[in-house]
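Taken from Swiss-Prot, the feature substrate binding site covers ASP12, SER13, TYR44, GLY45, ASN76, THR77, THR177, HIS178. Residues or ranges marked as active site, proton donor/acceptor in Swiss-Prot (evidence: sequence analysis): CYS75, CYS176.
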Amino acid sequence: MKDPKAPIGVFDSGVGGLTVLKALRRLLPREEFLYFGDTARVPYGGKPLAMVRRFAWEIAGFLLRQGVKAIVVACNTASSAALPDLAEDLSVPVFGVVEPAARAARGFRKVGLIGTQATVESGAYPRYVDLAWAKACPLFVPLVEEGLWDDPVALLVARHYLEDAPKDLEALILGCTHYPFLKGAIGAVLPGVALLDSAELTAQEVARALEAEGLLNPEGRGRTFHLVTGDPEAYRALAERLGERVEAVRRVSLEEL
């Protein structure tokens, strides 16, 4: 029997998953979270899917050893590479971010997708929604990880990637949890296009599932503990620039995974 007071594990290649974490905390204020950022190996998007799959299994195994009651794969690349196997084989509920974002796009006639190279090439999104256009944007994650989401260079890069988007595009799936931090630049290039991310819908799915399984924490304090594979203080500085209050962060060596 899983313990309702156990934490929820959330992981991403870096800080992108903080968008999902924030949505989870809004809906589940009593839950405790372990947020794992694989900052020593970010970005995932240019790596082979088999390698990303191995990373996802390593992190999921580590989180299980910390006693989590559920795992949220808050990374589109890792969700594309590993979610079906993780969900089938792990002993706790596992949630990804691909299907929720695809569901949000179904009300639009002409939908585009931007994501990492691995996510776009995986074919994960076309399983759930018809796409009129898709584009890999490999520089977007490094821009966010370097703290440049509101720098003029972000707008230049967005123009470079998005200039060939169809003129009649109605909605664009932000197929990477880092990309919501670039909504300003993306929206400036594609005014009038609905920008869809999976954070809120993923959080709603997690909340429904935990309630159905009797796993909601009735009396938690809503704390978040941060774990990173890279420099903890660099992570803290970047996360706090993104609005995340980091009270506790610990480095996890790759040998611990």
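Positions of Cβ are set from backbone N, Cα and C atoms, glycine also.
Positions of the features from Swiss-Prot, shown on the structure.
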| residue | record | Cβ contacts under 8 Å, 6 or more apart |
| --- | --- | --- |
| ASP12 | substrate binding site | LEU18, VAL20, PHE36, GLY37, ASP38, ALA74, CYS75, ALA78, THR177 |
| SER13 | substrate binding site | GLY37, ASP38, THR39, ARG41, VAL42, PRO43, TYR44, CYS75, THR77, ALA78, VAL141 |
| GLY45 | substrate binding site | THR77, GLY115, THR116, GLN117, ALA118, THR119, ALA136, PRO138, VAL141, CYS176 |
| ASN76 | substrate binding site | VAL97, VAL98, ALA101, GLY115, THR116, THR119, ALA124, GLY175, CYS176, THR177, SER198 |
| HIS178 | substrate binding site | GLY14, VAL15, GLY16, PHE140, VAL141, VAL144, GLU145 |
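According to DSSP, ASP12 (substrate binding site) sits within a strand segment. In the structure as shown, the Cβ atom of CYS176 (active site, proton donor/acceptor) sits within 10 Å of 34 other Cβ atoms. Put simply, the two farthest-apart Cα atoms among ASP12, SER13, TYR44, GLY45, ASN76, THR77, THR177, HIS178, the recorded binders of substrate, are 12 Å from each other. Each of GLY14, GLY16, GLY17, VAL42, PRO43, CYS75, ALA78, THR116, THR119, VAL141, CYS176 belongs to the same chain as ASP12, SER13, TYR44, GLY45, ASN76, THR77, THR177, HIS178, is absent from that list, and has a C-beta within 8 angstroms of the C-beta centroid marking the substrate site. When other Cβ atoms within 10 Å of the Cβ of THR77 (substrate binding site) are tallied across all protein chains shown, the result is 34.
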